[in-house]
Amino acid sequence: MFLTRRLLTVIMAFFQMVQCLPVKSNSGPPTIKVLDFMQQYGYLKKDRNTSAALYTEEGLSDALKVVQRFGAIEETGKLDNATLKLMASPRCGNPDIIQGKRTKRFTFGSEGWNKRYITYYIANWSSRLGEERVNRLIAKALKTWGAYGALKISRKQTPDADIIVSFARGAHNDPFPFDGPGYVLAHAYFPNEGSSFSGDIHFDDDEDWVETTPQQELDRGTDFYTVALHELGHSLGLGHSDDPNAVMFPYYRGSDDNSLQLGHDDIMAMYQLYIVRSIKEEPTSEKPQTRKTYTTTHSTPRRETTRTFYTRTPSTSSTTFKERDTKRQTRFTTPIYTYPRTSTTSYQTRSTTNPYTKEYPYTERTTHRSGNGYSTNDVSTETKKESGPRITVTIHKMPDYSHSSNNPSSPTRTTTVAPIPDICQEKFDAIANLRGEIFVFKNQYIWRYQEQNRLMPGYPVCIKQMFPSLPENTKKIDAAYQRPDGNMILFADDHYWVYDGTRFTENSPKFITDYGIPLGIGGIDAIQTWPKNGKTYLYKADRFWKYDEGNKTVDPGYPAHIERWRGVPKDLDGAMTWKDGKTYFFKNDQYWRFDNDWVIVSTDSPRFTKTEWLGCR
């Protein structure tokens, strides 16, 4: 006995911080791994004041019996094959035993939320599942729990919510790094823990997440709904249960049809937490809390408890922020969908009975050809039917480009070149990442940068010098981007051109209706391809369209309001994804850096465009 105690003391002296990973094979893991597992999940008490701990054989045997009880296997008190297999099974990363908390068969992880109105925010999603499925399955799981606690759970579009749901890999700025595929699938924080992560859920993005249906094999991947339902139980205050029929059973069992329901233990725990206990019945304004100074330089998503989307003067100082309120007061509203007036478009006053719907049905139009091009005098009148008053839009047809330099027989013309504008004093028309370089467009000129603030020698140049086939009457470029096939696309008014690096192709110019954009709105403001999903986004005023390059169609449900790009302003001048993988939005002399993981504007935005991109002093 004494020898065993000495041996265990020596073993435990080798580690001070617990990495808390289950064993990865059933072939007899080292004793330190077993002790590691038992400490992580609460079966052995950790001594925080020393680097050594002493456990008796009787104490270890009793602890193993509890491990076996929570795994629903025979309670032998021995480290047998069944126990080793259990320790290697995929499971939740939260502890099974919470010291001083277990008073019933079911476990309370905390006292729960002290209110019935609970909010949640989905920061990002798994690429294997996609945004729609993650949103739907999280909402379904929360509805299941809420029904047994009379809870009013609603989703927020900003991260000042009670529960934040996110996906991450490995170390992700909390004390519990993930371990890759298998084993620990996710972990969650109990309500009112006193940390900035209270109520949050982190899913391991290395897992092969799937939505299991009766037509799919269960071993195809890890069923997301099963794990989400379990982790949300922790977010509401429930601990683990040793009942294998409970959702809060710590080990993953999967589901064959997403029909998993709460067990008796789960229901009784919710009853005690939210029905028996007296809690607030109405939403209240809580006292703002503050966070200590932190620096936002990190490579993985980090929880931001404040996201205040107010306009402020950009700063060129470091991205370290002082204490500030965690409760934001900004409220988004959706204005009626209208565009500024142009000389060719007349709008009647629109009905406000349905301000969020505007359709652009296909309408036939008569076009008269004139020679090899379209006559500049040709016009057509379209009448669009909507739920409100009729809108008449008069559209000038495509100008006559038969005399442009695309036509070898075109006569020589004498043109007057406009003076070069001062890009440091005026706002630009468009900005784009074209083949790894920054192109800035202003009037009839182009500025070309190899990197930020590194203007290439000889620039700016006239647009016609780089794109000699561009029609003479093109006064400016509204937007530009590089298509996935490598071609450059230039937009001006109601038209766009496809440039392959040497010439315009694909019968350019073409109408922007190919991208789902209605004619007569004065062109688009900006365009960019988002690396998160590979879709192309076009922006105009306070609306945007999502375009599928593969299918050459606009996704259903668009245009949508720009508030969905959390913090991005309307009336953009440009948008692009740069070589650093970040997406940037530009307006006037400011830019906003967009966090593609959290799907929200970074907290150091806006900043100065001219000094940080254009080399102005």
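Glycine residues also receive a Cβ, built from the backbone N, Cα and C atoms like all the rest.
Remember, TrEMBL labels are computer predictions, not curated facts.
Cβ neighbour count for His240 (Zn(2+) 2 binding site): 28 (other Cβ atoms within 10 Å of its Cβ, all protein chains included). Summarising the annotation, TrEMBL assigns Zn(2+) 2 binding site to Cys92, His230, His234, His240, Met248.
Cβ neighbours within 10 Å of Asp200 (Ca(2+) 2 binding site), excluding its own Cβ and spanning all shown chains: 26. Under the DSSP three-state reduction, Asp200 (Ca(2+) 2 binding site) is assigned to coil, being neither helix nor strand. The Ca(2+) 2 binding site feature in TrEMBL is assigned to Asp162, Asp200.
A C-beta separation below 8 Å, combined with a sequence spacing of at least six in one chain, links His202 (Zn(2+) 1 binding site) to Ser166, Phe167, Ala168, His172, Asp174, Phe176, Phe178, Ala186, His187, Ala188. The Zn(2+) 1 binding site annotation in TrEMBL covers His172, Asp174, His187, His202.
For Asp179 (Ca(2+) 3 binding site), other Cβ atoms within 10 Å of its Cβ number 18. Annotated Ca(2+) 3 binding site per TrEMBL: Asp179, Gly180, Asp204, Glu207, in sequence order.
Among the features that TrEMBL reports, Ca(2+) 1 binding site is placed at Asp205, Glu207. The local packing around Glu207 (Ca(2+) 3 binding site), expressed as other Cβ atoms within 10 Å of its Cβ over all shown chains, amounts to 24. In the three-state DSSP assignment, the secondary structure recorded for Glu207 (Ca(2+) 3 binding site) is coil.
Residues or ranges marked as Ca(2+) 4 binding site in TrEMBL: Asp429, Asp478, Asp573. All protein chains considered, the CB of Asp573 (Ca(2+) 4 binding site) has 25 other CB atoms within 10 Å. Mapped onto three states, the DSSP output places Asp573 (Ca(2+) 4 binding site) in coil.
Secondary structure at Ile431 (Ca(2+) 5 binding site), taken from DSSP and collapsed to helix, strand or coil, is strand. Non-local contacts of Ile431 (Ca(2+) 5 binding site) by the CB criterion (under 8 A, 6+ apart in sequence, same chain) comprise Ile438, Phe439, Val440, Phe441, Asp573, Gly574, Met576, Phe586, Trp613. Residues annotated as Ca(2+) 5 binding site in TrEMBL: Ile431, Ala480.
Annotated compositional bias 'Low complexity' per TrEMBL: 343-353 (among others), in sequence order.
Taken from TrEMBL, the feature compositional bias 'Polar residues' applies to 369-380.
The feature compositional bias 'Low complexity' is assigned by TrEMBL to 404-416 (among others).
Feature annotation from TrEMBL assigns domain 'Peptidase metallopeptidase' to 109-276.
Under the heading region 'Disordered', TrEMBL lists 282-305 (among others).
Residues or ranges marked as region 'Disordered' by TrEMBL: 343-390 (among others).
Look at TrEMBL and you will find 398-417 (among others) tagged as region 'Disordered'.
Residues or ranges marked as repeat 'Hemopexin' in TrEMBL: 425-470 (among others). Taken through DSSP, the repeat 'Hemopexin' (425-470) splits into 4 helix, 22 strand, 20 coil.
Confidence annotation: the repeat 'Hemopexin' (474-519) carries a mean pLDDT of 91 in the model. The repeat 'Hemopexin' annotation in TrEMBL covers 474-519 (among others).
A gap of 52 Å separates the Cα atoms of Met248 (Zn(2+) 2 binding site) and Ala480 (Ca(2+) 5 binding site). Look at the binding-site residues Asp174, Asp204, Asp205, Asp429, Asp478 and count other Cβ atoms within 10 Å of each Cβ; Asp174 has the fewest.
Other residues of the same chain near the Ca(2+) 4 site, with their Cβ within 8 Å of the Cβ centroid of Asp429, Asp478, Asp573, are Phe428, Ala430, Phe441, Lys476, Ile477, Ala479, Asp525, Ala526, Gly574. Counting only the Cα atoms, the space from Asp162 (Ca(2+) 2 binding site) to Glu207 (Ca(2+) 3 binding site) is about 25 angstrom.
Cβ neighbour count for Met248 (Zn(2+) 2 binding site): 26 (other Cβ atoms within 10 Å of its Cβ, all protein chains included).
Residue counts for the repeat 'Hemopexin' (521-568) under DSSP (helix as H, G, I; strand as E, B; rest coil) come to 3 helix, 19 strand, 26 coil. DSSP classifies His187 (Zn(2+) 1 binding site) as strand under the three-state reduction. Put simply, Glu207 is the one of the binding-site residues Asp179, Glu207, Asp478 whose Cα lies nearest to the Cα of His230 (Zn(2+) 2 binding site). When the binding-site residues Gly180, His234, Asp429, Ala480 are ranked by how far their Cα is from the Cα of Asp200 (Ca(2+) 2 binding site), His234 comes first.
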